[in-house]
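TrEMBL annotations:
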type: BINDING; residues: 76, 113, 173; note: substrate binding site
Ligand SMILES: C=C(O[C@@H]1C=C(C(=O)O)C=C[C@H]1O)C(=O)O
């Protein structure tokens, strides 16, 4: 496969066309905030910000953002950690021209992006897309770099386009192997108390 092919994934509108493991389909297709879902499945949730600033738009994201060519974007990279374990690597991009439509984006720090997207009536949400990202996909390589490891196999991922005013924002979430260790059911208050 050409190098450019490595940079692209086959994003599917239906999760069963993306060949992701069956046990992860609930995680990938849940329409609610991933932050809220993860918080219900662990004792301590943390957004670890890896980087945020101007960056070249990835080829795989350029088309989704309808950018005419590989322009600079405002990019944010985080690891979502449950009880210290990294379970999601997330990459969010906003065209520089759309900065004014996402006033909260720059100052997020380690607050979850989800808390600002799902609470804002002006934010419209597109449909989720799904893919199995190969080990050489740029986002898999970045997730590996963040964790000081390389992934031998593909990672299940989803992405979603958000709109606010005239601005677009694209969130891509890669589900890391440790997500399999999370409780399959939300932990109730008693369990959390016992775990304390
Ligand atoms: C979009 C959400 O926000 C989460 C938090 C992110 C961040 O803080 O950068 C990025 C992607 C999401 O996993 C969500 O909670 O659903």
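Even glycines carry a Cβ here, placed using N, Cα and C.
Curation plays no part in TrEMBL annotations; they are all automatic predictions.
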Sequence gap of 6 or more, C-beta under 8 Å: which same-chain residues meet both conditions with respect to residue 113 (substrate binding site)?
35, 47, 76, 78, 90, 92, 105, 171
Relative to the mean position of the Cβ atoms of 76, 113, 173, the recorded substrate site, which additional same-chain residues have Cβ within 8 Å?
77, 78, 90, 91, 92, 114, 171, 172
